[in-house]
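TrEMBL annotations:
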- 1-27: repeat 'WD' (REPEAT)
- 65-89: region 'Disordered' (REGION)
- 100-141: repeat 'WD' (REPEAT)
- 141-182: repeat 'WD' (REPEAT)
- 184-225: repeat 'WD' (REPEAT)
- 232-263: repeat 'WD' (REPEAT)
- 275-316: repeat 'WD' (REPEAT)
């Protein structure tokens, strides 16, 4: 499977799409909750989906077979549970290969370590949790004092960066097992999204007022230092997502103003283009590996593929019956 494109939404489904034709190739019911986030492992084997109280891991390569079974699961020291399920294809879809549960709130983001050995979750219960995926258990549990909106893994794989509803950004050192930095760009203004450059040189945060904050990051003697670089107004309304391209030359922002925008990082974040045509909030986005395309998820139920050379919609992916709020793309 050379290109994997998946989306999730308020209709409680995960949908896989044929990127070229726009046809929905598989639908996985998510049962009792909306899909908050989807993430594909780098080896393209698993798709993780976040909902309320749990994360489910689906084996993308399995087509499914009749029958199902479930083991008793593994319970970690703090009471969280990972259960393993077999395939079930009575309706042609998949049940989860594994479920990570025992949380007390919505899971708002999933990120995998580079080799997919562990994953980190941010949660509305005010915690950031690191799960060992190989022998399922919670290895780290960090506490904010309000809902955590996102968490990202630093490219050095030794630090986590999280943001919350009270406007805090915290950096956690996994080796030292403690918070090493605490930033507050604007008092009591929620930070909704974070993105870190692929070489660890830059951190971008987007907040409820439409402002983006940028820091230069340096790592010396295994210690990260941050220097404020710039602040700019990217949207007039709520920012839902910020995402740096792997080449670090472009930043994508999504907003409640019904647009996604592309910014030039090497030109002091000058606006390159505005992607117009969404009818409601734009919740999420993903760049193609060649930097030529952007996929967006929107409350108007559509997932869209954009050609960034002309800011035109190349494809509409239609199938969600309610808002499409998350998207994942792996075309490497």
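Glycine residues also receive a Cβ, built from the backbone N, Cα and C atoms like all the rest.
Same-chain residues lying 6 or more positions outside the repeat 'WD' (184-225) and placing a CB less than 8 Å from one of its CB atoms are 149-152, 154-156, 158-159, 161-169, 171, 175, 231-244, 246-248, 251, 253, 255, 257, 265, 269. Only residues 6 or more beyond the boundaries of the repeat 'WD' (232-263), in the same chain, are considered here, and those with a CB under 8 A from a CB of the stretch are 192-199, 201-202, 204-208, 210-212, 214, 269-276, 278-287, 289, 291, 294, 296, 298, 306, 308.
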